[in-house]
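Structure first, commentary second.
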Amino acid sequence: MSDASRISPLDQARILSEALPHMQQYDEETIVIKYGGHAMGAEDVARQFARDIVLLEQTAINPVVVHGGGPQIATMLQRLGIKSEFAAGLRITDAATIEIVEMVLAGSINKQLVGYINEAGGKAVGLCGKDGNMVTASKATRTIADPDSNIEKVVDLGFVGEPEKVDLTLLNQLIGHELIPVLAPLATSKGGQTFNVNADTFAGAVAGALKAKRLLLLTDVPGVLDKSKKLIPDLSIGDARKLIADGTISGGMIPKVETCIYALEQGVGGVVIIDGKTPHAVLLELFTDQGTGTLIHK
């Protein structure tokens, strides 16, 4: 039995009526959606996400999808006998690894997602940050504390980059023309070196350059949690910084929230961290009164 068949016709009509003002709010606005590798899950989940993206485009919203692929990269590296190493939450990417990363991100994952969107009736265009020099990056570095001496040291992450500049020339040719950009988080240096970029960071940079109405970060957690592990539905930038300082926001959530803050400071209207495994998470956030996840705003 389908989800729709379990809802009465009257309730279906009420749901559509509730969605109308939200559709009007986002009319012809750009929404950047980061679709994480963990959130992709099974094929049926990915296809459902693709249908929801097509629905956004059909309601006069301009969706831009940025996808991750950490689990898929890890699987491919394991198959090839290449060991994965991480520092400060980022994959250390040597010369052998960057070739695999590019193959998985810009090849299999990107084209699969493009195919799902097109099968659902959309017109997706698969790209990465290297295309049209869309995203220029510089080498990223991180400092970590030695567990024995507690002395901080700089870690060489290899071919991992931080976005420096986003050129919107190519994206502006697609957005608003019934085309859905699907972006793999790869960038190039001024000298032509390929860099692997964290998908959250990449999405934040693109959303900031576009001055997007919303940036949605689909992850594998419900949102930002308090110390009792309860969802915090709403945070200002100031609140978020306080929660980082007191340790409530910790671990892998820190860079996600920092990306949210950066995007807001660049002109994004609001950023929401949501659980990508929740069915129709994007529609629940954009088209219902209660929304979902954690909204971070100025």
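Numbers run from 1 along the shown chain.
For all residues, glycine too, the Cβ spot is worked out from N, Cα and C.
Per Swiss-Prot, these features apply:
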SITE      LYS34  site 'Transition state stabilizer'
BINDING   GLY69, GLY70, ARG91, ASN196  substrate binding site
SITE      LYS256  site 'Transition state stabilizer'
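Structure with Swiss-Prot features highlighted.
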{"residue": "LYS34", "record": "site 'Transition state stabilizer'", "DSSP class": "strand"}
{"residue": "GLY69", "record": "substrate binding site", "DSSP class": "coil"}
{"residue": "ARG91", "record": "substrate binding site", "DSSP class": "strand"}
{"residue": "ASN196", "record": "substrate binding site", "DSSP class": "strand"}
{"residue": "LYS256", "record": "site 'Transition state stabilizer'", "DSSP class": "helix"}
Applying a 10 Å Cβ distance cut-off over all chains shown, what neighbour count does LYS34 (site 'Transition state stabilizer') have? 30
Within 8 Å of the centroid of the Cβ atoms of GLY69, GLY70, ARG91, ASN196, which other residues of that chain place their own Cβ, given that this set defines the recorded substrate site? GLY37, GLY68, ILE73, ALA74, THR93, VAL101, VAL104, LEU105, PRO185, ASN198, ALA199
For the binding-site residues GLY69, GLY70, which one has its C-beta crowded by the most other C-beta atoms within 10 angstroms? GLY69
Across all protein chains shown, the one of the recorded positions ARG91, LYS256 with the most other Cβ atoms within 10 Å of its Cβ is LYS256
